[in-house]
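A.B. asks: Here you go, one structure.
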Amino acid sequence: MKTPWKVLLGLLGVAALVTIITVPIVLLSKDEAAADSRRTYSLADYLKSTFRVKSYSLWWVSDFEYLYKQENNILLLNAEHGNSSIFLENSTFESFGYHSVSPDRLFVLLEYNYVKQWRHSYTASYNIYDVNKRQLITEEKIPNNTQWITWSPEGHKLAYVWKNDIYVKVEPHLPSHRITSTGEENVIYNGITDWVYEEEVFGAYSALWWSPNNTFLAYAQFNDTGVPLIEYSFYSDESLQYPKTVWIPYPKAGAVNPTVKFFIVNIDSLSSSSSAAPIQIPAPASVARGDHYLCDVVWATEERISLQWLRRIQNYSVMAICDYDKINLTWNCPSEQQHVEMSTTGWVGRFRPAEPHFTSDGSSFYKIISDKDGYKHICHFPKDKKDCTFITKGAWEVISIEALTSDYLYYISNQYKEMPGGRNLYKIQLTDHTNVKCLSCDLNPERCQYYAVSFSKEAKYYQLGCWGPGLPLYTLHRSTDHKELRVLEDNSALDRMLQDVQMPSKKLDFIVLNETRFWYQMILPPHFDKSKKYPLLLDVYAGPCSQKADASFRLNWATYLASTENIIVASFDGRGSGYQGDKIMHAINRRLGTLEVEDQIEAARQFVKMGFVDSKRVAIWGWSYGGYVTSMVLGSGSGVFKCGIAVAPVSRWEYYDSVYTERYMGLPIPEDNLDHYRNSTVMSRAEHFKQVEYLLIHGTADDNVHFQQSAQISKALVDAGVDFQAMWYTDEDHGIASSTAHQHIYSHMSHFLQQCFSLH
């Protein structure tokens with residue numbers, strides 16, 4: 001299931017911050033507001049992306065150089081001085097798309113025939129371009145419909161997956177070496193993930209890991225034998241007389257899971273023989289005795305690797321550190337190098353155990369884990385010791401470790417001003433943990449409170465990406481003194497364009513319930529007047545570890561609703577939400593569909609009490625988990641909401657995948673948590689939908705939250721005699737993102753809200 005923390009888009013113009021309220025670009029008096037002749041941000045503006053936010057995507061290729069695509073040329077830039085040269089001219093890409101350059105910059109992968117599969121996976125064809133010869137390599141080409149391909153960390157070796165088997169090219173012009181031969185569609189996956197590992201565990205299609213100096217290639221093998229298949233029709237072109245049927249091995253809650261094996265192959269041995277024997281590293285006994293997952297792989301050094309394994313009930317994980325035995329040509333994972341991580345209140349990590357960050361010699365590492373108070377902080381694991389020492393602490397959370405040098409560790413946290421929805425870059429001295437400095441907090445505090453960072457290879461330079469609350473800003477910095485070297489992109493052109501638009505403002509604040517702060521955001525109409533009454537739309541996700549109230553910038557559907565329709569669009573992070581400690585996040589452990597649903601209802605009540613919300617025009621909408629919560633809220637009989645929209649909702653947790661669902665709910669068996677599985681369905685609340693207006697939307701080719709989920713809601717509502725609206729999107733997946741479907745769904749939802757709120 002898509003988690004909102006992974007996705008950052010954008011919301012208003014360059015903003016000034018008044019305490020915790022962002023305000024529009026241009027401040028007008030009431031008289032001036034009444035005479036404001038500027039146009040509003042329209043639905044067409046959103047659907048056609050009239051106003052585009054610019055980013056600056058760079059690829060570090062050394063500790064002081066990076067590549068950047070400009071006007072279809074690939075430029076090589078010097079970080080210190082800013083001078084650039086053309087690395088690849090745009091004529092190289094006339095028939096192909098740029099994919100990646102080898103670490104030694106001698107070869108470039110060019111991609112074509114791209115075909116999307118699931119969220120991350122796709123197939124494509126590739127050509128290899130010789131930079132020095134300025135021509136394509138025509139001998140020993142990579143096969144069409146390759147599933148994954150990646151350069152080695154040094155030089156120009158290639159590993160790729162074709163027809164579920166792994167191949168390696170030692171030189172681009174030489175024949176490929178076949179590493180595996182067991183691959184079988186929908187059964188055995190070598191070096192790539194099956195559906196559930198792609199979506200819920202690795203968040204990627206790749207299951208290949210090169211060692212730092214290319215000597216070894218590690219890979220996972222997934223076996224889906226016995227995993228039940230989900231099947232659905234794909235209607236395709238209208239000339240197709242019989243629809244196609246799509247089959248996917250998809251383990252639902254309580255069903256047979258894929259099994260996993262882990263191997264390492266010595267690539268250097270390929271030079272002396274046509275094949276190399278992979279060596280299997282088994283899971284530790286404490287997890288291997290039952291169903292389990294491989295959830296993280298990190299090379300510490302050329303001959304040391306870290307593997308994290310997780311029990312199917314995801315409150316127990318083991319990190320095994322394995323070393324290469326040069327004499328016996330084997331890998332050893334001694335028990336004294338195993339580190340157990342457990343949770344007694346919920347699950348391990350936010351979505352899985354955090355990855356370790358090793359020192360350069362691989363002897364010790366740093367990792368984000370929960371401290372004794374339940375906040376995610378950085379702990380240092382010294383050499384040959386199982387216990388760790390926390391180097392950060394407080395009632396806030398470290399989001400990610402971004403870089404580790406011999407002297408400092410760099411991390412992103414939400415410590416600044418005790419605002420969970422903020423993100424800033426910090427550095428901490430490894431020899432003195434009291435020496436902590438925020439590198440971004442004071443750079444541009446009105447415009448920038450939500451940062452991301454990208455470090456060069458050895459962290460000598462870094463790019464800061466400010467993602468809000470004002471317009472995104474990208475700058476380049478030097479680590480030695482943190483001087484800003486140059487502005488890479490400031491979105492000044494967009495700023496000028498938005499001066500002529502009546503933009504909404506954004507309020508980020510909290511309410512206190514049961515002595516606990518819960519944060520919310522509101523997108524307020526232009527010239528907001530708290531003495532007036534506005535319709536309210538609650539935009540909800542509310543899944544475990546989600547966050548909707550943050551300081552990032554967005555131009556989206558809510559921008560249109562607030563600017564043109566004068567609707568307040570609010571989001572609330574209640575119990576179950578993330579980045580505020582395990583007490584809040586684990587509150588919904590083993591009881592999805594309860595507290596997070598109640599909290600959205602209570603939030604709406606609190607918003608009405610603020611005085612500027614029309615209590616008779618309150619709506620709710622959400623997508624995916626948000627569609628589930630929307631439906632559960634509307635089916636609660638609370639009397640708070642007039643209408644709502646659920647897009648691609650879960651309706652019964654036994655219908656959803658095992659990895660995600662069981663993380664929070666356990667198993668749907670009588671000995672575990674079957675009762676709550678059965679008591680948390682949307683269908684059981686069908687009778688209460690007579691009190692509300694309901695729009696149900698789903699794509700027929702949703703591989704993630706299957707159409708079955710909405711079909712069962714529809715059936716229950718019909719059986720209960722409920723009048724409701726429904727819309728399906730033929731052959732659309734979970735994102736309903738094709739150009740025509742995207743425009744249609746947002747137009748349709750807009751019309752539904754206009755009718756519900758009596759706007760036109």
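Any Cβ shown, glycine's included, is placed from N, Cα and C.
Okay, so Swiss-Prot annotates it like this:
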| type | residues | note |
| --- | --- | --- |
| ACT_SITE | Ser624 | active site, charge relay system |
| ACT_SITE | Asp702 | active site, charge relay system |
| ACT_SITE | His734 | active site, charge relay system |
| DISULFID | Cys322-Cys333 | disulfide bond |
| DISULFID | Cys379-Cys388 | disulfide bond |
| DISULFID | Cys438-Cys441 | disulfide bond |
| DISULFID | Cys448-Cys466 | disulfide bond |
| DISULFID | Cys643-Cys756 | disulfide bond |
| CARBOHYD | Asn83 | N-linked glycosylation site |
| CARBOHYD | Asn90 | N-linked glycosylation site |
| CARBOHYD | Asn144 | N-linked glycosylation site |
| CARBOHYD | Asn213 | N-linked glycosylation site |
| CARBOHYD | Asn223 | N-linked glycosylation site |
| CARBOHYD | Asn315 | N-linked glycosylation site |
| CARBOHYD | Asn328 | N-linked glycosylation site |
| CARBOHYD | Asn514 | N-linked glycosylation site |
| CARBOHYD | Asn679 | N-linked glycosylation site |
| TOPO_DOM | 1-6 | topological domain 'Cytoplasmic' |
| TOPO_DOM | 29-760 | topological domain 'Extracellular' |
| TRANSMEM | 7-28 | transmembrane segment |
A.B. asks: Mind looking up the mean pLDDT for the topological domain 'Extracellular' (29-760) in the predicted model?
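C.D. replies: So the average pLDDT across the topological domain 'Extracellular' (29-760) works out to 96.
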A.B. asks: Taking only the Cα atoms, work out how far Cys466 (disulfide bond) lies from Ser624 (active site, charge relay system), in Å, as a whole number.
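C.D. replies: About 28 Å separate the Cα atoms of these two residues.
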A.B. asks: For the C-alpha pair, I'd like the distance in angstrom between Cys448 (disulfide bond) and Asn223 (N-linked glycosylation site), rounded off.
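C.D. replies: The Cα atom of Cys448 (disulfide bond) is 46 Å away from the Cα atom of Asn223 (N-linked glycosylation site).
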A.B. asks: Considering only the glycosylation sites Asn83, Asn213, Asn328, Asn679, which residue has the minimal Cα-Cα separation from Cys379 (disulfide bond)?
C.D. replies: Asn213
A.B. asks: Among the glycosylation sites listed here (Asn83, Asn90, Asn315), which has the Cα closest to the Cα of Cys388 (disulfide bond)?
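C.D. replies: Closest recorded candidate to Cys388 (disulfide bond) by Cα: Asn315.
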A.B. asks: Find the one among the recorded positions Asn90, Cys322, Ser624, Asn679 whose C-alpha lies closest to that of Asn83 (N-linked glycosylation site).
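C.D. replies: That would be Asn90, nearest by Cα distance.
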A.B. asks: How many Å lie between the Cα of Cys322 (disulfide bond) and the Cα of Asn328 (N-linked glycosylation site)?
C.D. replies: 14
A.B. asks: At a 10 Å cut-off from the C-beta of Cys379 (disulfide bond), count the other C-beta atoms across all protein chains.
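C.D. replies: Taking every protein chain into account, the count is 20.
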A.B. asks: When you tally the Cβ atoms that lie within 10 Å of each candidate's Cβ, which of the glycosylation sites (Asn90, Asn144, Asn315, Asn514) has the highest tally?
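C.D. replies: The most densely surrounded of these glycosylation sites is Asn315.
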A.B. asks: Long-range same-chain neighbours of Cys333 (disulfide bond), Cβ under 8 Å, sequence gap at least 6?
C.D. replies: Ile281, Pro284, Leu307, Ala320, Ile321, Cys322, Asp323
